[in-house]
Amino acid sequence: MPVEAQHVLEPGIVAFILFLGVWINRRRAFVKDEGDWGIEQESKFKDRKFFGYRIKSRNTARWRRTWVSRTLYRFPFLIEVWYWLLVYWTYQIGRAITAVTLQEGTVAAARLHALQLIHFEQRLGLFIEPSIQQFFLTKPAAIAVINKLYSFIHIPGTISFLAWLYYYAPTAVYESRRRTLAACNLVAFVIFTTWPCMPPRLLPGSDGFGFVDTVHVMHNSSVWTTNRFSNQLAAMPSLHFGYSFVVGITFLTTPVRSGPARALNAPLSQAKVRDLRATLLRAFFVGFGILYPSTILLAILATANHFVLDAIVGFFVVLVGFKINTILLNLLPLEDTFMYFIRAHKPEPAREGEDYYTPLEAEGYCYTA
């Protein structure tokens, strides 16, 4: 594929997935509210917690009838698109700064760290990367698929996961996973900034390990990783595996949703069909929850983009990210301030046990039955 076309196609696919997420997660049966769209007599401030302290934050409820607020209420996943763009580009800008300010000493340190990982893995009996890559190099069709999986699944797959989870899971579960992914970025940035590590594929041949940069040699690289702002010395930890583990564990632990309440009184034959569907869906969740992170782990090793220890540390980064994800709630006062200045109100999510599309009269909107 021509490079110019790829620079359009990949961002286009991401934009399309985001659009689908917005559309699928829209609130149905919206009716124009003929009420007053002006500023409502609401308190100017509300209580928020900031690192354990109770502070006053902007109350944006007074702006809930503006066209921006109404659009956000109709298409609530737009808020999630904004979150994703904010987290992604903040992370990428941080990586870009480290990439363009690399010193010669940093490259040498990254190579030294990679060699240290190899020696440590050898002592632990974990140095299996050369064997895995050599196996796939003898199978051109397989390595071609692996290259594409590594290059083109990470970002679209993560966005698709978030769009699905927003639709399917309880709000608390979704928000916890989203914050965990953001916290993983923060922890990973600290690690690869303070301890740069060269991926196996960049180790010189003189080191004697024979790694091949299959993704670039076979022209399967992504536009997201082939620009001068991409930090090539950030192999530790592997967020490819870390993100895939979050996806996998979520599928493994997410219960299958029950059908509508009226199905409880359905004939026995319909109940059996419903139970069969639930069983098959549970089997799919378990299978995908195991297969996805396993496939990504295989891809990062076969393409020589990461060491085994990169994936192991990526796993622990996820654990840390999950443990500290609520720290990001301290940014809510900042969000309140931003929403206040754009004259918008972020709608409350559907309450636990409530149909996602049930009217929320408390927000002051009008819907059909």
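Each position is counted from 1, following the chain as shown.
The backbone N, Cα and C atoms fix where each Cβ goes, glycine too.
When TrEMBL is compared with the stretches 222-240, 241-259, 260-278, the one noted as transmembrane segment is 241-259. Across 6-24, 72-91, 241-259, 280-301, 307-332, stretch 307-332 shows the highest tally of CB pairs under 8 A with the transmembrane segment (180-198). DSSP states for the domain 'Inositolphosphotransferase Aur1/Ipt1' (284-323), grouped as helix (H, G, I), strand (E, B) and coil, give 35 helix, 0 strand, 5 coil. Sorting each residue of the domain 'Inositolphosphotransferase Aur1/Ipt1' (116-252) by its DSSP state yields 94 helix, 2 strand, 41 coil.
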